[in-house]
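Chemist: What follows is a structure written as structure tokens; I'll ask about it next.
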Amino acid sequence: MSTSTSPAAMLLRRLRRLSWGSTAVQLFILTVVTFGLLAPLACHRLLHSYFYLRHWHLNQMSQEFLQQSLKEGEAALHYFEELPSANGSVPIVWQATPRPWLVITIITVDRQPGFHYVLQVVSQFHRLLQQCGPQCEGHQLFLCNVERSVSHFDAKLLSKYVPVANRYEGTEDDYGDDPSTNSFEKEKQDYVYCLESSLQTYNPDYVLMVEDDAVPEEQIFPVLEHLLRARFSEPHLRDALYLKLYHPERLQHYINPEPMRILEWVGVGMLLGPLLTWIYMRFASRPGFSWPVMLFFSLYSMGLVELVGRHYFLELRRLSPSLYSVVPASQCCTPAMLFPAPAARRTLTYLSQVYCHKGFGKDMALYSLLRAKGERAYVVEPNLVKHIGLFSSLRYNFHPSLL
């Protein structure tokens, strides 16, 4: 008399046969311990990780960030109050060459009082230019004030030290009475004015357009020197419309519609998979090589770097300027944009042909022009500026947060 065996019973018998020393059990335990215990414990405070516990930490971290920004704003204010004035005739660093190689144009409006965003930005640029020394003698700081009100205290203070272009100085502008001109279009027009002023005033080789809440990273000048003098001599980079120096960290994950990210992600698996397989085989005393084990570790490493956060692994590239990557740009955002002079002139023409509105800001306008005009643009990774402005100049935000 034969008896039938249920699938559940067969599965149970197979599981019983598995010993703690079997490869399948060991890899299963590794997966559970890594993704269920170790990674969540290690990464629950990492802002750009999938393991980040938003409800536990976001409010506190946002408040701490704002308090720190206030302190740094006060420090930047004292920094300039203690510097000798240059009466606005030359930059406080030194007199740049008659035709600068790079003009650093900081676009500023009057923002939330107390944070002194633009002072933080300019003071950091000043420190870095001093550290850079003779290598940066062809760099020129330039402030572009697009605030309609005359009460922009920080811009007035900086005019003692840095050359300033004031868009609305001595003009009767009826922008506020024109219902067809919205804040997004005005921001684009301000951008065009500042870019054009930079070209007309200095006729440089490059213009770096920096918004007044984008603080430069320590490595910005060595990296730009390497990129512009070495990497951008390559044919596919030479005629780029612009190079972005910032992309939001929250948008830097691998799971993204950009093909280059997917290729990079697969590359991570192809690199770490064999390495982790070799380590496992060595310490587990397994003979030979196993393709299934390598496939497991490839997927394991790909999942780990994505869930922990690609942003944090990109930071390893800061070890050397040559490790920074240049990849095709996406549409968001414009805190820091580098334009070669010929491309800057093309950009002025392009932007004069588009009208910005809510949902179609200047960043989207610039990105849309790439396909329409057959242009190319790139972004450098990791970021070369830090975005510190939680208070937008376009949108009212009474409860700012880091996400």
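Cβ atoms are placed via backbone N, Cα and C, with glycine included.
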Chemist: Check for me: which candidate out of CYS332, CYS356 does Swiss-Prot give as the disulfide partner of CYS333?
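Modeler: Looking through CYS332, CYS356, the record in Swiss-Prot gives CYS332 as the partner of CYS333.
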Chemist: Disulfide-wise, see what Swiss-Prot says CYS132 is paired with, picking from CYS136, CYS144.
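Modeler: Matching partner in the record: CYS136.
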Chemist: Quick one: does Swiss-Prot have HIS55 and TYR367 on the same side of the membrane?
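Modeler: Both on the same face of the membrane, per the record.
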Chemist: May I ask for the distance between VAL109 (UDP-N-acetyl-alpha-D-galactosamine binding site) and CYS136 (disulfide bond), taken between their Cα atoms and rounded to an integer number of Å?
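Modeler: Their Cα atoms are separated by 27 Å.
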Chemist: Rounded to whole angstrom, what's the largest C-alpha distance between any two of VAL109, THR334, PRO335, LYS362, listed as binding UDP-N-acetyl-alpha-D-galactosamine?
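Modeler: Greatest Cα-Cα span of the listed binding residues: 16 Å.
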Chemist: Go through the chain and flag residues at least 6 beyond the ends of the topological domain 'Cytoplasmic' (281-287) whose CB is under 8 A from any CB in it; none is fine as an answer.
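Modeler: For the topological domain 'Cytoplasmic' (281-287), the nonlocal Cβ contacts are 23, 26, 293.
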Chemist: Based on Cα distances to CYS136 (disulfide bond), point out the closest of the binding-site residues THR334, PRO335, LYS362.
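Modeler: Going through THR334, PRO335, LYS362 one by one, the closest to CYS136 (disulfide bond) is PRO335.
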